[in-house]
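Beneath this line is the structure, given in structure tokens, with notes to follow.
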Amino acid sequence: MSKGPAVGIDLGTTYSCVGVFQHGKVEIIANDQGNRTTPSYVAFTDTERLIGDAAKNQVAMNPTNTVFDAKRLIGRRFDDAVVQSDMKHWPFMVVNDAGRPKVQVEYKGETKSFYPEEVSSMVLAKMKEIAEAYLGKTVTNAVVTVPAYFNDSQRQATKDAGTIAGLNVLRIINEPTAAAIAYGLDKKVGAERNVLIFDLGGGTFDVSILTIEDGIFEVKSTAGDTHLGGEDFDNRMVNHFIAEFKRKHKKDISENKRAVRRLRTACERAKRTLSSSTQASIEIDSLYEGIDFYTSITRARFEELNADLFRGTLDPVEKALRDAKLDKSQIHDIVLVGGSTRIPKIQKLLQDFFNGKELNKSINPDEAVAYGAAVQAAILSGDKSENVQDLLLLDVTPLSLGIETAGGVMTVLIKRNTTIPTKQTQTFTTYSDNQPGVLIQVYEGERAMTKDNNLLGKFELTGIPPAPRGVPQIEVTFDIDANGILNVSAVDKSTGKENKITITNDKGRLSKEDIERMVQEAEKYKAEDEKQRDKVSSKNSLESYAFNMKATVEDEKLQGKINDEDKQKILDKCNEIINWLDKNQTAEKEEFEHQQKELEKVCNPIITKLYQSAGGMPGGMPGGFPGGGAPPSGGASSGPTIEEVD
């Protein structure tokens, strides 16, 4: 077959979708069943492996060997809390293989286990086939989407799944970003518009705010809940009917996997019906112990069962607005993505929240992400049509990134919600005299102290030529590429010696829950953090004052300008303070300030006398006038040996 165009694939938790940009527009491709979305399901039987509709259709007969939700496992460790809690709800087995989760199934009469990447690769391979059948050409290049909060390890694992499926993954892009691209092509606008994307799918919920101006997209903020979606609404209905069955027939079907599966399938169908009708009926023959289950549910009851979940979708909306520093009145467009946004109650809650504003439903919510991915695939593979030409895409980093400086302080180089790709450089210095190396520790998180943040990696820069503290200049650079991969490097300016690290760690960067939790905790702890920051700052200012003062009076330029008695007085007091500091690293802010006042009492009169006699200092004092000191950031000897410079 000849080589086909690049495709866009929305690899969803519950459903996937594939699109292609050709003849100047996006076409969403239907599968062999005529469906434009395909279940992200893989089933193993005695005779074959089924993927998509075929797998989902036989799930009731073969629940333990039908795998879905691989996206919830991908790029995570087995002991990840998310994996542990999800396992309780899955009919298939998840086993621990050297810290990584694998799904275990019976296939052709033997026990097999697969990594999540392998399961996802089967779904991706299916999407590739669907595209090839439609195009009549081989498809290799693809853009694959992931939730905005997927961390590095999850993105990498998704990319690996593509490789396993025989795809060349041009880029991993965020789902909301993809939806924004779909939206951007539909609505070309000149003036800047703020767009809120509300993506409630089968398994995940993402809210993103973007600005679109002259074909340029910028993600301003993202928020959400990795564990909210259509399946949760199904679960509420399933539990409701299990309880009803108990009441009517005095029997508990909850332990019977097949009965629960059949009930779930009926509930999912009823839910869809309730988006267009106010009532749905459920008829299951011989559900349990030969009992037929015929019942019905109203839209109002469905809404009541899910009231807290539906209302809860507004929390991330408020959070995204806060993070983007926007008021809800400043949002120009609200875009619905994901099948669950068809639920009338959710549309109403959202519309009411935005004071009756019209919602944008012009894009089929199930297809918007694949649509945008297809456009991005065309751009990356060099499509020259004008619809695509002037479109540029900017993503953001979900957490602040920085390094630890003296005293365990988190010094941020890249703030959260910074547009990527991005590069930031800052110069640091040594903390003690003749220090031969520095340890660069890279952290992500929003807290003031690194101990409260997440360590991503560390490396040493050695071979710094002997020099007094504060003299060497070490330039640290953080560089994030378009795929969100972080490179950190450090260079000693005097020798040109360099060392660097690429952060792609398996142990998983933070999950979305962690990020959410950290941001919430950060707000809660902000006050504590400020207090700690002030404390370290007053300690550092005292420390640099003492060291600078000592260096000043020992400077040979002052020979003969200062009498020995005064000089000794200052040195004694400085040494006393330095000794006190060594013993009192964790003192309170007030104590540091008190010690500094005591030291100034001794030094100020002598220094003033010097100034008057000399008419200004010859050649300027080393390290600036004492008390100017280094910026507040010197610190605990226990901290790493690196210090921030202005």
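The chain as shown is numbered from 1 upward.
Glycine is no exception: its Cβ is also placed from the backbone N, Cα and C atoms.
These figures come from a predicted structure and were not determined experimentally.
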One of Gly136, Gly339, Gly356 listed by Swiss-Prot as binding ADP at the site of Thr14, Tyr15, Gly202, Glu268, Lys271, Ser275: Gly339
Cβ packing number for Lys271 (ADP binding site), 10 Å threshold: 23
Distant-in-sequence Cβ neighbours of Lys597 (N6-acetyllysine), under 8 Å, six or more positions away: none
For Arg269 (ATP binding site), nearby residues of its own chain (Cβ under 8 Å, 6 or more apart in sequence): Ala280
When distances run from the Cα of Lys271 (ADP binding site) to each of the recorded positions Thr341, Lys561, Lys589, Lys601, the nearest one: Thr341
Nonlocal neighbours by CB distance (under 8 Å) for Ser329 (phosphoserine), same chain, sequence gap 6 or more: Asn355
Distance from Ser275 (ATP binding site) back to Lys589 (N6-acetyllysine), taken between C-alpha atoms, in Å: 60
Cα-Cα distance linking Thr341 (ATP binding site) and Ser153 (phosphoserine), given in Å to the nearest integer: 29
